[in-house]
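Some features that Swiss-Prot has for this protein:
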{"type": "BINDING", "residues": "Gly33, Pro34, Pro35, Gly36, Ser37, Gly38, Lys39, Ser40, Thr41", "note": "ATP binding site"}
Amino acid sequence: MTFETAEGLADQVLKFLSDKLETNYRVAVIVVGPPGSGKSTISEKLCHEINSRYNKYLKESGSRPHLQENLNERIDLCEGIPKFEEKSLHDVQNGFFNHVQDQDFQPKKFVDKNDGSEVVVGIGGLPNSIRVENVAPLEPSNHDYKIAKIVPMDGFHLSRRHLDHFDDPVEAHRRRGSPPTFDSNNCLQLCKLLAKTCTIKPTLPVNKTTADTGTLFDKISDTFSESVPSIYVPGFDHALKDPSTGQHCVDAFTRIIVLEGLYLLLDEDNWRDIYPTFKDTHAVIVWKLDLGVDVLEQRVAKRHLQSGLAATLEAGVERFRMNDLINALRIKEHCLAADDIVSISNK
């Protein structure tokens, strides 16, 4: 296991994107680790470093990104996802609780008549839904472009109302955060959509050729495309203690997606298909974090205390041992193995 700085990780990711730029519109980075391993911190620092470099390039070069108008080349990301029958839409709008423990349920879609976007729904209903829009993204008003974005797994926590419909709702609430309490069906469907965008081939403006010289950031700025749909991803509202739809957006300006979560390498149910889905794109880097239990315990216990989930540090430790530690051991014992999964540390 090697210690990596945000600067070093950013160098690796940008080199990888440079190698893939002629064949892959975007690349994916999967960051996996148990509670307290620092995966969120690493992901945030990585994206901040990459975005800072890109915006510094724009400022110093005096250039602006070029968003190609390819409106006649719209990409149907949701092709192949079955549609809800009209009679089922009432159930969707009123909770959609009947499939909450069905790990084999295939997500379905419907068209939002208000804006024409497609909404993809799994076992968690609308709170865990994905929205896909074929609309050109707006340029940021402050010109703060984010070519790297985090896509967290947290938005696929089943809502508390959905946990109420488990066969054993008391146990479901007690073990919230364990694999069965996630909408893994729609999380996998999101990964399939994102992987599909990775395989889109970038196109250069008509006045450019592959022989033109330039930096990586020059080439990125020249190959943004309106034809790449925007994908709205649920997040988690800690104040409400429930998922929140559309909290994150992966749009045409996003060239690096950083997926972070506990179970993205878990060799169980729908989770086990996430890594192969991205592996098939030939455009993914996978980092796994693993620290000693003592370090994890102290980090998570302090986090529980600071967030109000525990009244004392001792209560935070107890909460860690009753839930987080069980999840951490499950990840360790049932983790997919592959030669290209790299172990890193942020001690």
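Cβ atoms are placed via backbone N, Cα and C, with glycine included.
Annotated features, which come from Swiss-Prot, shown on the structure.
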residue	record	Cβ within 10 Å
Gly33	ATP binding site	27
Pro35	ATP binding site	20
Ser37	ATP binding site	25
Lys39	ATP binding site	27
Thr41	ATP binding site	14
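DSSP assigns Gly33 (ATP binding site) to coil, not to a helix or a strand. Note: the ATP site is recorded as Gly33, Pro34, Pro35, Gly36, Ser37, Gly38, Lys39, Ser40, Thr41; in the same chain, Ile42, Leu289, Leu291, Leu296, Arg299 also have Cβ atoms within 8 Å of that site's Cβ centroid.
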